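Report on one structure; see the data block that follows.
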Amino acid sequence: KPPWRL
């Protein structure tokens, strides 16, 4: 889970 997608 990337920072821009959570």
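Using N, Cα and C of the backbone, Cβ positions are placed for all residues, glycine too.
What Swiss-Prot lists as 4-hydroxyproline is Pro3, and the listing cites experimental evidence. Per Swiss-Prot, leucine amide is recorded for Leu6.
Taking a C-beta cut-off of under 8 angstroms and a sequence separation of 6 or more, Pro3 (4-hydroxyproline) has no same-chain neighbours.
A coil conformation is recorded for Leu6 (leucine amide) in the three-state DSSP classification, outside any helix or strand. Annotation for the residue listed as 'leucine amide': no same-chain Cβ neighbours under 8 Å separated by at least 6 residues are found.
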